[in-house]
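Comments concern the structure below.
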Amino acid sequence: MANNGENGRHQEVGHKSLLQSDALYQYILDTSVYPREPEPMKELREITAKHPWNIMTTSADEGQFLSMLIKLINAKNTMEIGVFTGYSSLATAMALPDDGKILAMDINRENYEIGLPVIEKAGLAHKIEFKEGPALPVLDQMIEDGKYHGSYDFIFVDADKDNYLNYHKRLIDLVKVGGLIGYDNTLWNGSVVAPPDAPLRKYVRYYRDFVLELNKALAADPRIEICQLPVGDGITLCRRIS
């Protein structure tokens with residue numbers, strides 16, 4: 001059993017690992033993730049670790065999972081809402097074929113430009129179309145245009161949790177039948193099962209109800225099949241079936 005010091009340390013990284021043992025999570029990273037992590041992803045991960053908001057990044061094990069997923073479904077046309085420094089975008093770009101594409105949207109280009117030199121050095125910048133600004137107006141325009149319906153193989157959402165349901169209402173039309181939408185942080189630091197009086201960080205408490213609402217809505221949506229996994233901070237995969 002972990003001692004109090006270990007528990008304390010784990011709480012600081014708990015947003016990205018739901019495992020109760022730091023040692024077990026470190027074992028996964030040291031044995032299966034870091035030895036196989038491509039050099040560009042390692043470089044960007046280490047750069048991002050120095051950012052004051054580094055907790056916003058995709059964890060290395062989740063990056064590995066996304067890369068495997070992209071390859072398994074033979075994705076070619078993808079979208080990402082919420083980019084930060086681009087670690088998950090880089091993982092996706094490395095897994096896509098040379099003519100694969102990512103429409104990457106985030107409200108802060110400055111953060112993306114931290115990772116852009118790494119992406120460019122890896123020869124992958126041509127796969128990523130970055131749009132700065134809120135994603136909802138872009139999605140609305142795409143739906144209005146009509147030509148984007150059912151055009152995406154994979155969509156990854158790691159952005160403002162209070163808009164996840166608004167994203168879902170639109171993305172379900174843009175992903176193809178048989179395609180996947182991945183919603184990140186759906187276990188939200190484990191707070192989805194925390195009692196009402198639990199001592200939670202302010203931002204965790206604020207977004208918890210939105211995450212709970214999303215999870216309930218996805219479970220009841222007949223247009224998708226779902227699988228919720230305790231990878232990183234929880235990811236729910238939604239496969240469009242109608």
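Heads up, residue numbers simply count up from 1 along the chain you see.
Heads up, the Cβ atoms here are built off N, Cα and C, so glycines get one too.
In the three-state DSSP assignment, the secondary structure recorded for Asp158 (substrate binding site) is coil. Annotated substrate binding site per Swiss-Prot: Lys16, Asp158, Asn189, in sequence order.
According to Swiss-Prot, the feature S-adenosyl-L-methionine binding site maps to Thr58, Glu80, Gly82, Val83, Ser88, Asp106, Ala135, Asp160. Long-range C-beta contacts of Asp106 (S-adenosyl-L-methionine binding site), restricted to its own chain and to partners at least six residues apart, with a cutoff below 8 Å, comprise Ile81, Gly82, Val83, Phe84, Tyr112, Phe130, Glu132, Ala159.
Among the features that Swiss-Prot reports, divalent metal cation binding site is placed at Asp158, Asp184, Asn185. The C-beta environment of Asp184 (divalent metal cation binding site), restricted to residues of the same chain at least 6 apart in sequence and closer than 8 Å, consists of Thr58, Glu62, Gly82, Phe156, Val157, Asp158, Gly232, Asp233, Gly234, Ile235.
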- Report the member of Thr58, Asn185 (the binding-site residues) whose C-beta atom has the most other C-beta atoms within 10 angstroms. Thr58
- Message: Using the alpha carbons only, what distance in Å do you get between Asp160 (S-adenosyl-L-methionine binding site) and Asn185 (divalent metal cation binding site) once rounded?
- Response: 10
- For Ser88 (S-adenosyl-L-methionine binding site) and Asn189 (substrate binding site), what Cα-Cα distance in Å is obtained after rounding to a whole number? 19
- Task: Please compare the binding-site residues Glu80, Asp158, Asp160 by how many other CB atoms fall within 10 Å of each one's CB, and tell me which has the fewest.
- Result: Asp160
- Roughly how many Å separate the Cα of Asn189 (substrate binding site) from that of Ala135 (S-adenosyl-L-methionine binding site), to the nearest whole number? 25
- Taking only the CA atoms, the spacing between Glu80 (S-adenosyl-L-methionine binding site) and Asn185 (divalent metal cation binding site), expressed in whole angstrom, is 14
